[in-house]
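Engineer: Copying in the features that Swiss-Prot gives for the protein in this structure:
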type    : residues                                            : note
BINDING : Thr13, Arg83, Glu84, Tyr135, Asp244                 : sn-glycerol 3-phosphate binding site
BINDING : Thr13, Thr14, Ser15, Thr266, Gly309, Gln313, Gly410 : ATP binding site
BINDING : Thr13, Arg17, Thr266, Gly309, Gly410, Asn414        : ADP binding site
BINDING : Arg83, Glu84, Tyr135, Asp244, Gln245                : glycerol binding site
Amino acid sequence: MQDQYILALDQGTTSSRAMLFDRQGNIVSIAQKEFEQIYPQPGWVEHDPQEIWSTQAGVAAEAVTRTGLNGTSIAAIGITNQRETTIVWDRETGQPVYNAIVWQDRRTADFCDSLKKQGLEAKVRAKTGLPIDSYFSATKIRWILDNVPGARDKARQGKLAFGTVDSWLVWNFTKHELHVTDVTNASRTMLFNIHTRQWDDELLELLDIPRSMLPEVKASSEIYGHTKTTVFASKIPLAGIAGDQHAALFGQMCTTSGMVKNTYGTGCFLMMNTGDKPIESKNNLVTTIAWQIGDDVQYALEGSIFIAGAVVQWLRDGLGIIKTAAEIEALAASVPHSDGVYLVPAFAGLGAPHWNARARGSLFGVTRGTRDAHLARAALDAIAYQSLDVLAAMEADSGLSIGELRVDGGASANNLLMQFQADLLGVDAVRPQITETTALGAAYLAGLAIGYWKNLDEVRSQWQLDRRFAPSMPKQQVERCMAGWQRAVRAAKAWADDAQ
């Protein structure tokens, strides 16, 4: 297999990307194309499934041809994707019956509330590890069946297929032959029993979704089939699938119980490997499947923070305090601390572990001496505080102590933020050389399936450190900072509750 590469396809919320990796886990080539965000009504978010496919196929070809290679140089393809986003298509024509309903879409919130009022939340969580929420795929499928003319009849006749984005890509890469998904994507639908690792008939009946619509669920690392499209002339094994955050956990080599990664993007996604048994959260975290390789299934706890890097964009676009996002580090570093200013960026409510949809963004501790730099510092601090809230919940749920925090995503390049994160946590924040961990995780899963890499130990040995941030803040100062943050969060929640 000399001079062969693994192609990782990273289908995200705003763009489709493709990366070629060599045997050492280095990026050889990269291609990216953005696509349209569709907002038919407030709270609704859609994508065109055909545009998802065309952009992903396009960048896959581009990443390969840019290096002067062709399909014969590709040993395998790994797919990672935005999770929960829901596509329903006609099995005969291959055409979607409606746009993809994106994970952020809230149109089914009222329906979710009605399910909760029926007292179903405990049952759903026990089976799936998930709360009842419009975030997940199940109620999106139900909406399509209820609102697209003729969809329910076709579904009953077995003529419709549902898939998350990974399924849709595999379906198209194999010319409508394979209808599969992996356990990680299945575990985000609110229809999959994470204990039996089967679609749950009781939940399907409850939501009136025919089982015939659903893809076959496979491991995250196995040869599912081969490409049959015009994208590549040769047949290439499709050999790895994982949802984006699961792939990032694997790319960070968080392969043993208690290891944690935090992806600092527009929001933050924190995931802890909890080993071979699911842990039910008592602190509003999500229980999910981390990945499956062969018969080995690893589970995880996950917490999502809605606004992280987005708070920096707000300082740039909303307030005009900075011209580019990169400027925030220098501005924030121009003062030694936030001078008692706390920003709670609950612009869209609070995510884990609070799950308060009504809370709104709040600023506390402002005085006549407060400057733009203090606000910039408070904004960065808020990302670290929110992450700490989730990590504390993970430790409480799992009974495991976090030894270090592996970090990736755009904002992990901010040294000031990473240092403050380590200070708050009291353990090292560790940044790898390759921060494209989502694509790397998909590449590793595909490569392991075909023997491109021999085993997990070989892959583990490739993880390389860029920088380690060790905690240096005195404990009393950390406690003062945390007490102020907790006061600010309580006040932000009280502001929302008083409006009732």
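Each residue, glycine too, has its Cβ placed from N, Cα and C.
Each of the listed features needs to be described in terms of its position in the shown structure.
Structural biologist: Of all the Cβ atoms in the protein chains shown, 22 others lie within 10 Å of the Cβ of Tyr135 (sn-glycerol 3-phosphate binding site). DSSP classifies Tyr135 (sn-glycerol 3-phosphate binding site) as coil under the three-state reduction.
Close to Thr14 (ATP binding site) in the fold, though at least 6 residues off in sequence, lie Glu34, Phe35, Gln37, each with a CB less than 8 Å from its CB.
In the three-state DSSP scheme, Gly410 (ATP binding site) falls into the helix class. Just so you know, the Cβ of Gly410 (ATP binding site) picks up 16 other Cβ atoms within 10 Å once every protein chain is counted.
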Engineer: Should Gly309 (ATP binding site) be counted as helix, strand, or coil on the basis of DSSP?
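Structural biologist: The residue in question, Gly309 (ATP binding site), is helix (DSSP, three-state).
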Engineer: Out of Thr13, Ser15, Asn414, which has the highest number of nearby Cβ atoms, where nearby means within 10 Å of its Cβ, if these are the binding-site residues?
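Structural biologist: That would be Asn414, with the most Cβ atoms nearby.
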Engineer: Find the shortest Cα-Cα separation between Thr266 (ATP binding site) and the binding-site residues Thr13, Tyr135, Gln245, and name the residue that gives it.
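Structural biologist: Closest by Cα: Thr13.
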Engineer: How far apart, in angstrom, are the most distant Cα atoms among the ATP-binding residues Thr13, Thr14, Ser15, Thr266, Gly309, Gln313, Gly410?
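Structural biologist: Farthest-apart Cα atoms in Thr13, Thr14, Ser15, Thr266, Gly309, Gln313, Gly410 are separated by 18 Å.
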Engineer: What same-chain residues, at least 6 away in sequence, bring their CB to under 8 Å of the CB of Arg83 (sn-glycerol 3-phosphate binding site)?
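Structural biologist: Same-chain residues close to Arg83 (sn-glycerol 3-phosphate binding site) (Cβ under 8 Å, separated by 6 or more) are Trp103, Thr164, Thr184, Asn185, Arg188, Gly243, Asp244, Gln245.
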